[in-house]
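What follows is a set of notes on a single structure, which appears directly below.
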Amino acid sequence: MRPSGRKLDQMRSVSIEPNVMKHAEGSCLIRMGETHVLCSASIEDKPPPFLKNTGLGWVTAEYGMLPRATTSRNRREAAAGKQSGRTQEIQRLIGRALRAGVDRSALGERQIVIDCDVLQADGGTRCASITGGWVALRLAVNKLLKAGIIVSDPIVDHVAAVSCGIYAGQPVLDLDYAEDSTAGTDGNFVLTGRSRMIEVQMSAEGASFSRDEMGQLLDLAEAGIAELVAAQKAALG
């Protein structure tokens, strides 16, 4: 029995509210159960220096958590003077994941920055950030297309992410914190809307896992991604 009472293959409730910020070119608030992440997309009219005169654009991401996103207060990283290794790892993952769904030549020499701010954390914040970040990116690109700034759509497919793991000896979909903190195996799966894999991160936290178990987790992830892509489409109308 999962702590939440969910079935092994049951996602948490998912909602994506678009256009929640006035100034950002694209934004949304994604809720996956009790994990809530505010995602925004900002368009910058020049690429990073290493892409100057290449004709290619760039998508990057920044990630952070509010001090009371968790059960006890975490000190702001700005106050500490540096980002944690975890934060740097997560924002690089978000950027890599979203770039995989973009034709950077069609984007032109500009950069889109995705900001993911965790308002409340209950497991799966990086996955929620990728799924919501894609919606913010899609909305920002729509504005470029509508304004005639770019002529071809650079977004080639949906991108979404979900966690899966082995909890109490059973493969489960979409781990919350109670499960994630005690799972024997933990994994994050980033897929396209056509179930093509972008990134798979799996690790044995308490016990090693078999190839068959990995396949079971991938099957769960594909089903979960299909639900998340449906939520993305519903948010965009």
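Quick reminder: no glycine exception, Cβ is built from N, Cα and C everywhere.
Contacts of Thr125 (phosphate binding site) defined by a Cβ separation under 8 A and a same-chain sequence distance of 6+ are given as Thr35, Val37, Met65, Ile90, Val118, in order along the sequence. The annotation phosphate binding site is assigned in Swiss-Prot to Arg86, Gly124, Thr125, Arg126 on the grounds of sequence analysis.
The record assigns Arg86, Gly124, Thr125, Arg126 to the phosphate binding site, and the maximum Cα to Cα distance across that set is 13 Å. For the binding-site residues listed here (Arg86, Arg126), the lowest count of other CB atoms within 10 A around the CB belongs to Arg86.
Annotation for Gly124 (phosphate binding site): same-chain Cβ neighbours under 8 Å, separated by at least 6 residues, are Met32, Thr35, Val162, Ser163, Asp174, Leu175, Asp176, Asp180. Using the Cβ center of Arg86, Gly124, Thr125, Arg126 for phosphate, the list of other same-chain residues with Cβ within 8 Å runs, in sequence order, Tyr63, Ile90, Val118, Ala121, Gly123, Cys127, Ala128, Ser129.
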